[in-house]
Amino acid sequence: EEEEEEEEAAAAEAAGSDKEVDLDERLGELDLRNDSDIPDVPPPTDSTPEILKRALSGLSARWKNWWIRGILTLAMISGFFLIIYLGSFMLMLLVLSIQVKCYHEIITIGYRVYHSYDLPWFRSLSWYFLLCVNYFFYGETVADYFATFVQRREQLQFLIRYHRFISFALYLTGFCIFVLSLVKKHYRLQFYMFAWTHVTLLITVTQSHLVIQNLFEGMIWFLVPISSVICNDITAYIFGFFFGRTPLIKLSPKKTWEGFIGGFFSTVVFGFIFSYFLAQYEYFVCPVEYNSETNRFVTECEPSELFQMKKYFVPPLLQAVLGWETVNMYPFQMHSIALSTFASLIGPFGGFFASGFKRAFKIKDFADTIPGHGGIMDRFDCQYLMATFVHVYITSFIRGPNPSKLLKQLLILQPEQQLSVYKTLKSHLIEKGIL
């Protein structure tokens, strides 16, 4: 009986293992079938200007790529500084432009798969949903930061009052059009692309909205995080180019531990010094507010405690190294260490995620917009994680009640409502002995 039980157990175990093997084979076949669904992507075109090609024709491919990336990086940084000089409104337009271009690059990859089946409406619906989501988020921003401007225009009051209902109605229209566009035998693919569109919206539109929210808190909350990611990208590339020997992650074979560690220390130092420079100017530290009388954005205020020089005692262990007992610096510089640490340790995972995405669809870059760099999304894949972190960091550790924003909301109320708020506040202050 014991022998029979052992035989039955062995047979059951063998049957179970056979099922596992069959399941693995089926999953493998499914993966291959899905890969075969992806059409061959045309080879990337070389968008390098002819003048650069001729000037660098005598160099090896490795050094040619180095010089192309370096020259284009300096050009982009120079353009970025010019936009900073032009003001916060131009920075908002820049963020919106980058959002649209990144969305276009991701959607285009999906369209290569979708277009091969000649199914209708995907591209039109994708852009329609982009407009809907932007209408919702930027309408919320207008309601929050442009309240006095809206109050003077009756047509805008209607749009703001029913903003969420209008946004939902617009989205619902696109949703119904998608359902009506479903084609027999291709339902699964169409729902797959519907999800593709919504995930792309989540990655691009919501994150760019958070970038603009950070900008309204003060230009320094926009510049330090973005510059830290750029610095980490550049220094990690330089350290990896000259000293890289040890592979960091299989998703990005060119990434090395030497570049990762070198980029980390360089970024922390850069963020600390750059924050010291920016914290000295009201233009960078004051919240961005809209002046309805001049119809312009203004950055004038009494800097908060974060941007006022303070004396700190140096820890005993560092006193022996530095020879200082105290040091004067801005409190924001301590926060810059947290921001630059995230930019150099966690931010690169946005790049790894993008690398995995590109490998899944057998492409080298998202596009060929920038010679030597790829597409816009290739340069901003780490920025989206950074934007969310900064927004969460501000709301968790920095932001308190905003009297200016609250006052704008009170001014929108009806006179009798304002009077009621006034009486309630007055009685409360009398009870506390302040009045």
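For all residues, glycine too, the Cβ spot is worked out from N, Cα and C.
Among the features that TrEMBL reports, compositional bias 'Acidic residues' is placed at 1-10.
The region 'Disordered' feature in TrEMBL is assigned to 1-21.
The feature transmembrane segment is assigned by TrEMBL to 66-98 (among others).
Residues 96, 100, 103, 107, 110-111, 163-164, 166-167, 170-171, 174, 177-178, 181, 183, 186, 189-190, 193, 197-198, 200-201, 205-206, 209 of the same chain sit 6 or more residues outside the transmembrane segment (119-138) yet have a Cβ under 8 Å from a Cβ within it. Annotated transmembrane segment per TrEMBL: 119-138 (among others), in sequence order.
The annotation transmembrane segment is assigned in TrEMBL to 158-180 (among others). Proximity of distant same-chain residues to the transmembrane segment (158-180), defined by a Cβ-Cβ separation under 8 Å and at least 6 residues beyond the stretch ends, is recorded for 121, 125, 128-129, 131-133, 135-136, 139-140, 142-143, 150, 190, 194.
TrEMBL lists 192-212 (among others) with the feature transmembrane segment.
Here TrEMBL flags 218-244 (among others) as transmembrane segment.
When Cβ-Cβ distances below 8 Å are used as the criterion, the transmembrane segment (256-279) is approached by residues 219-220, 223-224, 227-228, 231-233, 235-241, 243-248, 285, 306-307, 329-330, 332-333, 335-337, 339-341, 343-345, 348 of the same chain, each at least six residues removed from its ends. Positions annotated as transmembrane segment by TrEMBL: 256-279 (among others).
Marked as transmembrane segment by TrEMBL: 332-354 (among others).
66-98 is the stretch from 66-98, 218-244, 332-354 with the greatest number of Cβ pairs below 8 Å to the transmembrane segment (192-212).
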